[in-house]
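Inspection log for the structure reproduced underneath, given as structure tokens.
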């Protein structure tokens, strides 16, 4: 099993690479790519960790050597959000980076499962899909927007509020991966109930958690370590699915039946072809239903922005 991390010298990429080096199954290969010249050194550094995961690093303009034979490709390349930046500022830089890297994936390992971490995910996943389509290799079961960070944040914040163990809480999060498009289904946690006030405050905290980190880091970065953990969790689940493990379920931003929007974060069962099954989002509370209806315009516009970036 070979996993490639593109953007491996960045804050998310290094954290993700460390977690994969320590947690991928024995005999796996990990390849790191970044434009930054330090990348082969990051691989050497990680190679000293005693696990049976072979690691190699590649720098420069061409990601091809890192991508050859990859089963899973995780893309975290791009600029991070700084205080005062909004998503459109990010988009202007990151859209081109994602396009360029996905073009190389389409050429070199078109059958790989692709996880997009680079923000704004609502839009960059649409860009990736259109690039793959143009190359004639798009398979909607093999492209994922990584929204796992919303899930792990929800698990943490619910556990804190209710005095539970975070590892025993699993909150499905649907919609998208920014602001109001992030919708934690707090009504679906067995044995946990919330007041209306708690629901509103908790939902808002989960939606704005990225900004919480950006502000706390005071200009020194965005959420890199928790995002690395979230991306590792999804990446390892993709690997487990490819290896034939049954009942591997994660929430991810995928192209579905278009009921709400072309791309939508929902629980999916993973397997040898990526998404084996898109699972029902279940019954929503009135609060959740209203939030879902209220976000769809924003989500659809985010998606359209990505489609137009490639097709215009």
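A Cβ is built for glycine as well, from the same backbone N, Cα and C atoms used for every other residue.
Per Swiss-Prot, these features apply:
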type	residues	note
ACT_SITE	177	active site, proton acceptor
BINDING	7, 8, 9, 10, 11, 12, 13, 34, 94, 117, 118, 119, 227	NAD(+) binding site
BINDING	81, 87, 119, 153	substrate binding site
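Recorded features from Swiss-Prot, shown on the structure.
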residue: 7; record: NAD(+) binding site; DSSP class: coil
residue: 13; record: NAD(+) binding site; DSSP class: helix
residue: 81; record: substrate binding site; DSSP class: coil
residue: 94; record: NAD(+) binding site; DSSP class: helix
residue: 118; record: NAD(+) binding site; DSSP class: coil
residue: 153; record: substrate binding site; DSSP class: helix
residue: 177; record: active site, proton acceptor; DSSP class: coil
Q) Cα of residue 9 (NAD(+) binding site) to Cα of residue 119 (substrate binding site): how many Å, rounded? A) 17
(Q) Rank aside, I only need the closest one: which of the binding-site residues 7, 118, 119, 153, 227 has its C-alpha nearest to that of residue 177 (active site, proton acceptor)? (A) 119
Q) Rounded to a whole number, what is the top Cα to Cα distance in Å among the residues the record ties to NAD(+), namely 7, 8, 9, 10, 11, 12, 13, 34, 94, 117, 118, 119, 227? A) 18
Q: Report, in whole Å, the straight Cα-to-Cα distance of residue 81 (substrate binding site) from residue 118 (NAD(+) binding site).
A: 11
Q: Sorry to bug you, but what's the C-alpha spacing from residue 119 (substrate binding site) to residue 7 (NAD(+) binding site), rounded to the closest Å?
A: 13
Q) Taking only the binding-site residues 11, 13, 227, which one has a CA atom nearest to the CA atom of residue 119 (substrate binding site)? A) 227
**Q.** Which same-chain residues, if any, lie at least 6 apart from residue 227 (NAD(+) binding site) yet have Cβ under 8 Å of it
**A.** 12, 15, 16, 76, 117, 149
**Q.** Residue among binding-site residues 7, 11, 13 with least C-beta crowding, 10 angstrom cut-off
**A.** 11
(Q) If I take the alpha carbons of residue 13 (NAD(+) binding site) and residue 153 (substrate binding site), what is the distance between them in whole Å? (A) 19
Q: Give the distance between the Cα atoms of residue 11 (NAD(+) binding site) and residue 81 (substrate binding site), rounded to the nearest whole Å.
A: 12
Q: List the Cα distance (Å, whole number) between residue 153 (substrate binding site) and residue 94 (NAD(+) binding site).
A: 24
Q) About how far apart, in whole Å, are the alpha carbons (Cα) of residue 81 (substrate binding site) and residue 94 (NAD(+) binding site)? A) 11
